[in-house]
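Copied over from Swiss-Prot:
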- 20-27, 88-92, 142-145: GTP binding site (BINDING)
- 11-280: domain 'tr-type G' (DOMAIN)
Amino acid sequence: MSNAPFLSEVSKRRTFAIISHPDAGKTTITEKVLLFGRAIQTAGTVKGRGSSQHAKSDWMEMEKERGISVTTSVMQFPYNDCLVNLLDTPGHEDFSEDTYRTLTAVDSCLMVIDAAKGVEDRTRKLMEVTRLRDTPIVTFMNKLDRDIRDPMELLDEVESELNIACAPVSWPIGCGKEFKGVYHIHRDETILYSTGQGHTIQEQRIIKGLDNPDLDAEVGADLAEQLREELELVLGASHEFDQEMFLKGELTPVFFGTALGNFGVDHMLDGLTDWAPAPLPRQANERAVEATEDKFTGFVFKIQANMDPKHRDRIAFMRIVSGTYTQGMKMNHVRLGKQVNISDAVTFMAGDRSRAEAAYAGDIIGLHNHGTIQIGDTFTQGELLKFSGIPNFAPELFRRIRLRDPLKQKQLLKGLVQLSEEGAVQVFRPLQNNDLIVGAVGVLQFDVVVARLKSEYNVEAIYESVNVATARWVECGDAKKLDEFQRKNQTNLALDGGDNLTYIAPTMVNLNLAKERFPEVEFRATREH
């Protein structure tokens, strides 16, 4: 039974991402999770502009300046008997593409909700994405050290707006200045809250049982009585936790706490490691691949440039689907049809990188990329598979980009193509002129591109408005028809960063007319990598 150690390693893995609306406290939760995983000694809370103490997971220049997480970091740490891979996703509303792709690489998600605000727009969008793969969701109601909405109302809102059943695991006692702690329904115990302990793991003060007189003495008779009454209601009206429904993405366990006060995060982590699935099978075009298969397979879901300003490098983030990575192993780079020798893959602790000696199904490793790896690429040890479902979206916003110094056109193009390969932005080169058009899903992406062109490629660029409303990738099985379409639509055609033919429409009316005139041509709003 030589593969017992391998199976044990795979079953320990828990790979998840955090989804939330901007400012719901995601970066703070990431910090505290790392603190409990003993990955960092003290939590540096994210401060406003220019503060010197930055959250461990926000490490690019612009993120440090603005206090928002723009790129997906990967952090690995042990917790209980598991090895947890946490993928930190951009919380800012603009970064849906990067976030979306990250959600294709995880087996479960932690949804963080600001308990003062409830379900917000961004959370809805991200939940739609997790629905596509029925990803199991754990919920953390955050910011109980502030005044919050009624907890029952919050559960109702999650159920009705996100269409998922809620099973409360803990229940808050008071909130804001009156916040006293939580009652853990499964353990039948009250965990008391102490203020001012946000940077370290505090000793827990626990009161066993709901009818314990110590509870009244500690939190006050009124709050204790309120807790008992609320629990009677909650237990009568809400769902019990059901593992099977959770794994199907139909029910979410709900925890209450405050990430800033470092309270309740461990209960949520306990739930996540106990209940969330070990690495799941993944669908390839040819067949489903099980995590426990001994042959290595993996796919690239993100490329990031210049993680190390000292080295002009790019790292391709790969989710291992099955098997084991060992240093120096040979694998097939399926799209290019060639064997590669991977000797220097890295593992992550947000911006700190260490060489991976071995990594297993469920883990994320980084491959050094010198321009040959693209998002969606599959690597295998033998079988020629292609993992599916890593999409590119047609951008919704467009601008022309121009140089302050015209002599740097070559660097500009190189920078833009690299940034587009990494998914930071999309680039379109019209066939009829030398313009460069940048397409994004959100406004902030434009700022990121200019900032990164300056700091990483030493290119000063500015934007101008451009008459483009939308873009569609063009496909047609009939070469003659495609040729006719290209001849008649020269002014609206461009090549994207990967040289795919794209139709750039000045208005939606124009796009609809083109579709009517050329019914044989497909105009696609998404394109799989």
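Even glycines carry a Cβ here, placed using N, Cα and C.
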Averaged pLDDT score, the domain 'tr-type G' (11-280):
84
Leu144 (GTP binding site) CB neighbourhood, other CB atoms within 10 A:
28
Is Lys26 (GTP binding site) helix, strand or coil when read with DSSP?
helix
Looking only at DSSP and grouping its letters into three states, which state does Leu144 (GTP binding site) belong to?
coil
Around the C-beta of Asp23 (GTP binding site), how many further C-beta atoms are within 10 angstroms, looking at every protein chain?
16
How many other Cβ atoms sit within 10 Å of the Cβ of Thr89 (GTP binding site)?
26
